[in-house]
């Protein structure tokens, strides 16, 4: 069993949000609060510590009460750059990630990922849902050991960017969640409106 105090949560808010007109997605209003604040309030009780990966509007994210770390790599290279920024600063043995645009992920997600990581002797545990009868991984919802930092940096410096390709280089437990809607994110303003309805 992994104690929640041994896990740091990382909110991924460093993307370009090109499908949302390049606005800062984590700062978009959702039921009266920024999307990223919903993620922080959902993730916070599941972990011992929390931080945010963002590349714009850093003061607005810092006002949410968590340390904010930008990508070390330029040009919005994707979630793995956020993973690296978090792993470089993580002071617990494990780190779990959640994107800023998915405010309804399960309240027991972290404990379920942690249980699977231990049960399967894995280095990474990744959430998955079923869509149209097929298992679909949710690669930005994953728990990892922090000793994977060197592997991740090597992967990024080779020019690779796909989370699943990197994760599959390690022992990865896939954890199925029944409610696919819990992992619904807002990639466009229309999807954000749909989430609010």
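The chain as shown is numbered from 1 upward.
Using N, Cα and C of the backbone, Cβ positions are placed for all residues, glycine too.
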Same-site residue for GTP (record: Swiss-Prot; known: 12, 13, 14, 25, 53, 101; options: 71, 115, 132): 71
Most crowded position, judged by CB atoms within 10 A, among 71, 101 as binding-site residues: 101
Coarse DSSP state, helix versus strand versus coil, of residue 101 (GTP binding site): coil
Cβ neighbour count within 10 Å of residue 25 (GTP binding site): 27
Where the record names 12, 13, 14, 25, 53, 71, 101 as binding GTP, the maximum Cα to Cα distance in Å: 18
Neighbourhood of residue 12 (GTP binding site) by C-beta distance under 8 A, where only residues 6 or more apart in the same chain count: 53, 79, 82, 97, 98, 99, 100, 140
